[in-house]
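So Swiss-Prot says this about it:
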BINDING   Lys630  ATP binding site
MOTIF     43-53  motif ''HIGH' region'
MOTIF     627-631  motif ''KMSKS' region'
Amino acid sequence: MAATRYNPKETEPKWRKRWDEAQAFRAVEAPGKRKYYVLEMFPYPSGRLHMGHVRNYALGDVIARYKRAQDFSVLHPMGWDAFGLPAENAAMERGVDPKAWTYDNIARMRAELKELGLSIDWSREFATCDVEYYGQQQALFLELFERGLVYRKESVVNWDPVDQTVLANEQVVDGKGWRSGAPVEKRKLAQWFLKITQYADQLVDDLKTLDRWPEKVRVMQENWIGRSKGARLRFRFAGQPPAGHEAGVEVYTTRPDTLFGASFVGVAPDHPLAQAVAAANPEAAAFIEKCRHGAVSEAEIETAEKEGFDTGLKVKHPFDPSWELPVWIANFILMDYGTGAIFGCPAHDQRDLDFARKYGLPVKPVVLPPEEAQAEAIVQKLLNEAYTGPGRIINSGFLDGLDVEAAKAAAIARIEEQGDGQGATVYRLRDWGVSRQRAWGCPIPVVHCQACGVVPVRRSDLPLTHPADIEFGKAGNALERHPTWKHTTCPGCGGPATRETDTLDTFVDSSWYFARFANPGAEAPIDKAAADYWLPVDQYIGGVEHAVLHLLYARFITKALADVGMLSVREPFAGLFTQGMVTHETYRKQSGEWVEPKEVEVTAEGKTRRARLVGSGEPVVIGDVEKMSKSKKNTVAPEEIFDVYGVDAARLFVLSDSPPERDAQWSTSGVQGAWRFVNRVWDEFDASEEPVPGTEEAVTGVATDNLRRQHAKTVKAVTEAIEGFRFNSAIAHLYSFLNVLKAERPQGRAGALAHAHRAALRDFALLIAPFTPHLAEECWARIGGQGLVVEAPWPTYDPALTQDAVKVLPVQVNGKRRGEISAPAGAEPAEVEQLVLADPEIKARLEGLTIRKIIVVKDRIVNIVAA
């Protein structure tokens, strides 16, 4: 038979059409059948796929195809996280309608995702900007509102005066808006919040049930929630207290054991006491204003230079009224953590130490490390670094001699006895601010009435949609500017009212979408029966950059919806996998301008690599390997790879290059290697011929036995590797087995070897299907496989064949290794003894000795006791 060349441009579309016609990936609720819900974090419709998308969705597709082959009822859906700022920016910059821009992008990306050959149930597709979706989200909002989980209050926010919107801390760079570059202002605005803090303990405690989540993600969430146990205590003023602060300064601390090491009390710039001081002191007011334009995120504040202002006020130490401490306003204290006030113990807190060194405040050690005998020994160490470890309390009166934990309890007991405070649990987690001053988002379904206050929209009036004639031509909230949309009547009294013009944070959109996929056409927000069948998501896949916010919000909303009876599960994602990024070398001209990889030719002479521009030959600087990004132009367009090598080669490369949790470095040589493998696979199947019927009982021979054993071992190894998310390892086993298939290819069509080879080829087609699905179908058809690979069961194997036929056993004489023998696997001790005594080398070692005992550990070792 003449060899045919594998042509992905013909093959891949053909099989995608066959899958569509067969509705091969439609999810079906099958009571009594095992279900499996695999979901990749849905994408923002930016307009084009990048290689990170290819890797992310290929990972999920491997799992979906594998589980389907194992006879699970599989749900593998796709949607679009479609609201958000980029669409409004496009509207302003290009004069396009954000809705049209978004749906055009969705159409392009949907076509690209379909080209990837993903086993997705497209009948469940939706975008969060679909009225059918965000209308149901508004119903959820009203449900939470009625349950007391939604409220509105004034809050200090980061305000971009150019874009005229609130910015998250992460969007403020060096005190400026990330997009506009304008200096950010601190403003008080009325904002909507969800009471996530009401679930703080559950969110921490339930992390221990998520044993299929990466430990690092669980730790990140635990730290973000920041549950800490300590004490609230009051420092009373020495002398006349400021008006309104007669009770003193309430401080929260996690280290009451270090109270005797206190050298100052600090308050946040936004603390009411700081505001009272600033009202009468222009210098204090100027310092506070400076703080407002400084670092905003906790991480930035942590690394920024510590600065303060001495208020001139003094407070009394709670354990010694004669001991007075100065009160400072400090830029590193957060108003929204604890009480917004601290006592500073420089010896045992690094921030306090940096502050004390700058302003000449005392540093008094009160915890002696276990390895130190004298307090004086640690004073020198405290010049630059605070001691925060365990130890024995010193210089602390009634606490002296106690260890740190015992001292904490004793200090809290004394504080409570004196009536100056009590033990307390505090969280870093704040309620979730969900207001956004943007029109391209989910409208918040409430109105403001002068007579009734805040009134929810009637459910019968949902969905509350955007006005058709909205204008996005300039910065700010287009809903606020609209001449008529915001004017309405109050659902309560029928009087005039105004609509809420803020929209919901897009994290709300992604906090429940996985539940909607259970039945996207349901009349209620969530079809509980369908959700009970499909949830939780068995395997969720996405980047670690979403470890905190998205995943935390989704966990919170799931618990809240369970409490209102909409869900039965309390955790949305049973398993979580965080994949690595796709990276590439960066290239720059001598001028510093970034250059795309396709414009560069790289040559190597020994270990020296040089790069030049294609065409001009201009030298190019080879930079670091970094995450693919448009800004550094080190991206590779997936369609360029698909056009040259086909989809399966691209999938194979991103899955085989490295373990999926690690970054994968893109290389042309790597994808070329994957393409060569695709062709080698096809060549093996193309060369195959149907064995002659009735010849399978012929003598097997060594080659046949070896092939059958390698076949069984490969099925076992690939299965275990997929189960363990070691996809690169699974592919490596397939590479090796292809070599075996080629080496053991029969010379004719008769005999056991021909039948064994044919059976191995059939299973090989099934084993490669999760990774290269189009190639698998073509190979399956080439050897006469019935139906589609996607409908075929996963291969099984005989465990006995995975054991080596022959075992090499070391032989010891009186405890020392003296040789080895080969014995059949599972051989009985008597048979092994005969082999040992017949071995010339062992016989020579035993010459002149009397054998007392031979001990055989089956398939492991032989011990001879001789004298």
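Here the Cβ of each residue, glycine as well, is placed from N, Cα and C on the backbone.
Note that the structure is a prediction, hence the values are computed from the model and not measured.
Each of the listed features needs to be described in terms of its position in the shown structure.
All protein chains considered, the CB of Lys630 (ATP binding site) has 11 other CB atoms within 10 Å.
The average per-residue pLDDT of the prediction over the motif ''HIGH' region' (43-53) is 88, rounded to a whole number.
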State the non-local partners of the motif ''HIGH' region' (43-53) in its own chain: residues 6+ outside its ends, Cβ under 8 Å from one of its Cβ atoms.
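For the motif ''HIGH' region' (43-53), the far contacts come to 80-82, 84, 86, 102, 104-106, 108-109, 112-113, 116, 127, 543, 581-582, 627-628, 635-639, 654, 666.
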What are the helix, strand and coil residue counts for the motif ''KMSKS' region' (627-631) according to DSSP?
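Output for the motif ''KMSKS' region' (627-631) reads 0 helix, 1 strand, 4 coil.
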If you run through the motif ''HIGH' region' (43-53) with DSSP, how many residues end up as helix, strand and coil?
3 helix, 0 strand, 8 coil
